[in-house]
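Features as listed in TrEMBL:
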- Asp71, Val74, Gly76, Asp78, Ser80, Glu92: Ca(2+) 1 binding site (BINDING)
- Thr196, Asp247, Asp255: Ca(2+) 2 binding site (BINDING)
- Cys39-Cys119: disulfide bond (DISULFID)
- Cys72-Cys77: disulfide bond (DISULFID)
- Cys125-Cys324: disulfide bond (DISULFID)
- Cys202-Cys234: disulfide bond (DISULFID)
- 29-328: domain 'Plant heme peroxidase family profile' (DOMAIN)
- Arg66: site 'Transition state stabilizer' (SITE)
Amino acid sequence: MAHSIGFITVLSLLAIAPLCFSGNTLGGYLYPQFYDHSCPKAQEIVKHFVAKAVAEDPRMAASLLRLHFRDCFVKGCDASILLDSSGTIISEKRSNPNRDSVRGFEVIDGIKAAIEKECPHTVSCADIMALAAGDSTTGGPNWEVPLGRRDSKGASLSGSNNNIPAPTNTFQTILTKFKLQGLNIVDLVTLSGSHTIGNARCTSFRQRLYNQSGNGKPDYTLDQSYAARLRIDCPRSSGDQNMFSLDFVSRVKFDNSYFKNLLGDKGLLNSDQVLFTKNAESRELVKQYAYNQELFFEQFAKSMIKMGNISPLTGYKGEIRKNCRKVNAY
């Protein structure tokens, strides 16, 4: 028991992030009350649209979380992922990780249109994404989202191709990509817990079923009865787009069953299971979260705030886009 309490204390210290204020180096601060006077109904509007979208399509909760994550890992949390290709801009939507993967753009468009009617040219697309992600964990962790981000005037296709962790990456590669964003191993394991909801395509884990190491043999760290079930709808050479739940136990419920699955060698993606098989510190975190859902929820809130503070544009940097898909015309 003493060891467990000590570990939890260290865990909190490792990834602690202030819950109300998030500093940055660009001359401003993010804080939850940023729009209290300029657009007091903003958060209410976001919550309404997200609830409606998730009620119509439960997958949308995971999609909105993924959208925020993939935005923040490229040029910071600046809504660059929302930009369509035009002029000199090559959209991040065309990158290898994002193509056929990111979705939810229409939901963000709807929120933006409603907020523009309520308070024109006030709330950034980057903040809308951060709020939408925060409203996507219904029944799970909740937190006050620090606000005050502004939108980028450009995108980075190369950044999207290089910075976003891939399901086939090694543990060390994934950890390095997190560290490059100022995140640590606690954030890595904790944010991976968002895979308690959402889906993945056959193509993102097929190698585990048939040819994990290039020798024609499956990944034996994957429970073999679970692997046999997966092979039915993910054959060796077809079914690329067939969808599978990242957490087969509670497909649309935000809980800690993802970590329990890892304990049973039933993580769907290679990038999931390596959290338990390739590093002692991450393995201990997986165990802690599998046994203590409250601890997972508490740390998830801290790590989401920390991720949401990756290189935000504030003050006079960037702009407040009128249309999230394109930069303003001047």
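Note: Cβ is positioned from N, Cα and C throughout, glycine not excepted.
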Which value does the mean pLDDT take for the domain 'Plant heme peroxidase family profile' (29-328) in this predicted structure? 96
Cβ within 8 angstroms of the Cβ centroid of Thr196, Asp247, Asp255: which residues besides those meet this for the Ca(2+) 2 site? Gly193, His195, Ile197, Val249, Ser250, Lys253, Phe254, Asn256, Ser257, Tyr258
Could you tell me which of these disulfide-bonded residues, Cys39, Cys324, has the fewest other Cβ atoms within 10 Å of its Cβ? Cys39
Between the Cα atoms of Cys324 (disulfide bond) and Cys72 (disulfide bond), find the distance and write it as a whole number of Å. 16
Rank the disulfide-bonded residues Cys72, Cys119, Cys202 by how many other Cβ atoms lie within 10 Å of each Cβ and give me the one with the fewest. Cys119
Cβ contacts of Asp71 (Ca(2+) 1 binding site) (under 8 Å, same chain, 6 or more positions away): Cys77, Asp78, Ala79, Ser80, Ile81, Leu82, Ala126, Met129
Of Val74, Cys77, Cys125, Cys234, the recorded positions given in the record, which has the fewest other CB atoms within 10 A of its CB? Cys234
Sort the recorded positions Cys39, Arg66, Glu92, Cys119, Cys125 by C-alpha distance from Thr196 (Ca(2+) 2 binding site) and give me just the closest. Arg66
Compare the Cα of Cys39 (disulfide bond) against each of the binding-site residues Gly76, Glu92, Asp247 and report the nearest. Gly76
Whole-Å Cα distance, Asp247 (Ca(2+) 2 binding site) to Cys234 (disulfide bond), is 16
Taking Cα atoms as reference points, which of the binding-site residues Val74, Gly76, Glu92 is nearest to Cys119 (disulfide bond)? Gly76
